[in-house]
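**Student:** Copying in the features that TrEMBL gives for the protein in this structure:
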- C:Cys149: active site, acyl-thioester intermediate (ACT_SITE)
- C:His241: active site, proton acceptor (ACT_SITE)
- C:5-130: domain 'Semialdehyde dehydrogenase NAD-binding' (DOMAIN)
Number of protein chains: 4
Amino acid sequence: MAKIKAGVLGATGAVGQRFIEGLKSHPWFELTSLAASERSAGKKYREAAKWRLESELPDDIAEMTVVNVDPREVDADIVFSALPAADAMSVEPAFAAAGCAVASNTSSYRMVEDVPLLIPECNHEHLDIIKVQREKRGWEGFLTTNPNCTTIMFTLPLKPLMKFGIESVHMASMQAVSGAGYEGVPSMAILGNVIPYIGGEEEKCETEPQKILGHFDGERIINANFSISASCHRVPVMDGHTEALWVKMRDNPTPEEVRQAMLDFDPGLDDLPTSPKKALIVKDEPDRPQPRLDRMRGNGMSVSVGRIRSGIRFICMGHNTVRGAAGASILNAELLVKKGLL
Amino acid sequence: MAKIKAGVLGATGAVGQRFIEGLKSHPWFELTSLAASERSAGKKYREAAKWRLESELPDDIAEMTVVNVDPREVDADIVFSALPAADAMSVEPAFAAAGCAVASNTSSYRMVEDVPLLIPECNHEHLDIIKVQREKRGWEGFLTTNPNCTTIMFTLPLKPLMKFGIESVHMASMQAVSGAGYEGVPSMAILGNVIPYIGGEEEKCETEPQKILGHFDGERIINANFSISASCHRVPVMDGHTEALWVKMRDNPTPEEVRQAMLDFDPGLDDLPTSPKKALIVKDEPDRPQPRLDRMRGNGMSVSVGRIRSGIRFICMGHNTVRGAAGASILNAELLVKKGLL
Amino acid sequence: MAKIKAGVLGATGAVGQRFIEGLKSHPWFELTSLAASERSAGKKYREAAKWRLESELPDDIAEMTVVNVDPREVDADIVFSALPAADAMSVEPAFAAAGCAVASNTSSYRMVEDVPLLIPECNHEHLDIIKVQREKRGWEGFLTTNPNCTTIMFTLPLKPLMKFGIESVHMASMQAVSGAGYEGVPSMAILGNVIPYIGGEEEKCETEPQKILGHFDGERIINANFSISASCHRVPVMDGHTEALWVKMRDNPTPEEVRQAMLDFDPGLDDLPTSPKKALIVKDEPDRPQPRLDRMRGNGMSVSVGRIRSGIRFICMGHNTVRGAAGASILNAELLVKKGLL
Amino acid sequence: MAKIKAGVLGATGAVGQRFIEGLKSHPWFELTSLAASERSAGKKYREAAKWRLESELPDDIAEMTVVNVDPREVDADIVFSALPAADAMSVEPAFAAAGCAVASNTSSYRMVEDVPLLIPECNHEHLDIIKVQREKRGWEGFLTTNPNCTTIMFTLPLKPLMKFGIESVHMASMQAVSGAGYEGVPSMAILGNVIPYIGGEEEKCETEPQKILGHFDGERIINANFSISASCHRVPVMDGHTEALWVKMRDNPTPEEVRQAMLDFDPGLDDLPTSPKKALIVKDEPDRPQPRLDRMRGNGMSVSVGRIRSGIRFICMGHNTVRGAAGASILNAELLVKKGLL
């Protein structure tokens, strides 16, 4: 089978590089187009971007010429968007209108009614809203989104707890600097320090999960009915968001019941190449998960959970630029293929 | 007035060094005795301890000879204890029996019924239980304690909220490595990492505040009646515990009412040399308090509070080995002087 | 005596803040003017600058209105310049022409023939070149400079070694992030990492010391005659440049002779308020100096030296934004007062 | 072909874990025995050791029972030793006497006359001294060693420069904390700090390279004739030693000639499974190599070199617990197989 042509919008930034890393030897997608701002367009990728990942940049990609973020210049069946939110607002619809599938990591359209906000393990059935979207907007292509990186880490473990009747969630995050992009956090701000504020993050964490864990009734998504109160903090960690959760549930399950529900969680996505063997890994050691030791589990796509104790309290942790960003979009795209949308 | 003779038990460790720093030029106390384990006893302090604070060790203290942790060798009216919990169990009563006042930073006796667990700004009236203690135990001296470092940072801001009827507290901490002592946290464990577990810490945070904020009825302390659920985490910060709090209150105050209550908080301890001008500092910038920038406020004795928002949620932060350890014990000792107990 | 009116050019940046910290309660200077770019001019300092030092910003300074970097707007007898090098090129002469003394921390004029490049402990006699400068340029005011932060740390300990006949120097630096300014080093670049390159730094380290340690013959400065080879590296340290030195000397002194020469070094500047009691501190512990423990010695103005061993090799370390920047300029200004130039 | 039975001595520590990681799916060796101290012997590896690597510990290894460090308990043709130096002194000869090949990462026997100190890319011909060793000592087995981690990183790039006539070397290191073992460097010692001293390290760096780069004349190794002066420093980096080198050479090559010599360096070991495609990688970017970005090149077995400039100065960097420890011993063992010694 011929590979599907894939482009990356915003290819030079931190998440753009993770997209390239995830797509460079993908079995279903072929990287055909790298798009970035005017400053980069026309240059070889090697010159336009300073490669900052620990994995190596393949020579053939380094030699690709960067194009403008314009549907006429991008040759692709699907584009992965790592654009700044302001740019995405106008650019992503233009690609969808031009017949492209858009898998966006940007926040602009996440909470828009007819746009699916996907974690394949949680709500793959929300994809059906694309019919509504296309009809309403008259697009040949379509637009899908994945959640904020902090949202993903705790929404995944909430999924198997839905059956206990979630009533309220408290979440305190300890987030890695890579979540803010390469220039996002100056070293003088964070070396040996904690910054107890990340602009807009708490709002995203308090609204996205209810949509993701909501019910699609054929026409619209009805949000899940529980409250979330978040407190978000930056810590001196390169990659990996660690989150402390309190979940109050109607059925008042024991920690062991919660643990078992997480162990039993099987989203049935083994046929997707980027899907980890286990979406949720339960750690039984008292001091895990830890970002340094656990963020690369499942090639960076697993969320690790530990310290499940009365409250119900637990810790969850995952790789914010893989599971929480580029990998999330790529998994969404694989789901599109599986569902015949691509 | 002649100064009061003060000794330090466990003088060579991280908190012991902070005791020396706080006492070396104290207006009321004179450092007369440094006690440590057999390994150190008999040596000059300079040789027994590797000084690891940023302030300088005065030469006259460096030249003092370390003695054994034994009331017969320690010449002091009051001893400050930074002993390991196991040692403190037998040693602190021996000093109290020998007529010494003991101001302990150790956990061993904190929750014992007739021992005051003090934050002078919160419950100075609990000191009256010393009468009960002396009678019951037949001691000439007596024993006071200060709370765990993590407890102090959030109990202080809870104090002015008591009037709103605290019902429950959720607390997530991001704690500095110095809380574990000099050898406590290997660099390989924490560089670029988060450890979501600190042995025994959550239990202390969930039991000490109710005693501190409880009521002394002349005979015993009746615990305050609210629940606490804590999640404690270590982050790569040298000094300063940052804590995210959620406080549910009967009266449902607004964030502005909470802020005002904290601003108005005046414990009336200005006559104690170690007491900061403001026990609680309210920061209005969106990204404060931060450990690097705020831990030295009030010479390390103020707790800084910020991000007071609906929930009620807020952030509090203080210096764990000053406000949370040595400085806490010294402030307790100053209170003893003020109350005529020394 | 009335205080001398002092202004700060570039008052909002990292070094500008250190200037304010050093001048806010200075016995000889009074902070009368804070100048910064157009973006800041007209605002209160509190709004124009985000204060990022651990010390507190006094309220009266926070309320000062920032002015433009223009001699007509700055009311001062002396201005301290923390301007970007490109701006300094035209602005500093304008202030000197307008009758101001300029004490610059910027690199623009350091190596210009008639401009003194001062470390008061090393070459206060170079100040006499100001006569030459004023005559040549027709300025009412004048311009002095201090060296690059990395240069200062190793040039100070070289001074007492000049008598042994320095022939060549090898220097490897491990530099703090604050040397690059607040936004200079992204956290993603340096967390758990070393960057073995700092643009332009090696060139400065290889040319400035010979001028500083050179001889002023009444007309010009004749550079000292030895070679320097530098390798400069950034490490995850907030403040404090650590440098490994190899110094080859004609007289081949023993480590003990070198140590004694450093101990004996007495520049005779005790009457300057910012001058530390000891310009050079010799540490005899095997693992010192260290930035965290030693950078604040002498209020951040001492350079600490240790591990003097065969080679001759040694380690030197000092606070890069105090001794190496703002404090250096302020000490220069105090020297100007002492010499009657202000 | 049947795999060769391999044991690890000191299997629970930091380097021991790297040995397991390197051997767990090795094409030539089969991990048959894990030996550690009495405290661990008899336990399952899972219980004896806390696994601290980012890669996962395979279940079958986790279930192996740890044995004592005793030739009678260890079933292996070759043992990899990560023992403390004091233990290795008596234990390693016991294994050699019992007929085992010993590939040691420990310092005890490195400088002993009849023991080869190997970097296969530099001096594989030194292996012939094993004949001398066996004759002299009457061993059925034999003992080989690899150099100190810091030595390896700069000795490898010195090899292709030997033809220019190396006269002297200056080396300043910025070393990772993992080099000291898991408990070696407390976080309070190194967070935001530099420690300019590592016990015994400079001596190793100043003596091992001359043996490695020396000539084996059939009977003994004649050391290479150049001097080394080292200054060793610890920085807050997890893995990867960065080193600044100055190399003075008789032929005075240009930086471009040095670069070319390094590019041309081909040790001809492509048939060894652990040998990287390139032993030396030359980076042309101005700010490389960096530990975070480059330490995993060649699966952690390449040394990256950059900033080759006049002096001759350059930077070299490699993974200290892979290339500098476990991987070095494993590569030595593979050389033994290739040479028919195993």
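Note: Cβ is positioned from N, Cα and C throughout, glycine not excepted.
Automatic, uncurated: that is what TrEMBL annotation is.
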**Student:** Take the Cβ of the residue listed as 'active site, proton acceptor' and count every other Cβ within 10 Å, whichever protein chain it belongs to.
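**Tutor:** I get 32 for this one.
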**Student:** Taking 10 A as the limit, how many CB atoms besides its own sit near the CB of the residue listed as 'active site, acyl-thioester intermediate'?
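**Tutor:** For the residue listed as 'active site, acyl-thioester intermediate', the count of other Cβ atoms within 10 Å is 26.
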**Student:** In the domain 'Semialdehyde dehydrogenase NAD-binding' (C:5-130), how many residues does DSSP assign to helix, to strand and to coil?
**Tutor:** 42 helix, 26 strand, 58 coil
**Student:** Looking only at the domain 'Semialdehyde dehydrogenase NAD-binding' (C:5-130), report the model's average pLDDT.
**Tutor:** 96
**Student:** I need the CA-to-CA distance for the residue listed as 'active site, acyl-thioester intermediate' versus the residue listed as 'active site, proton acceptor', whole Å please.
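**Tutor:** Here the two Cα atoms lie 8 Å apart.
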**Student:** Reduce the DSSP letter at C:His241 (active site, proton acceptor) to three states and note it down.
**Tutor:** strand
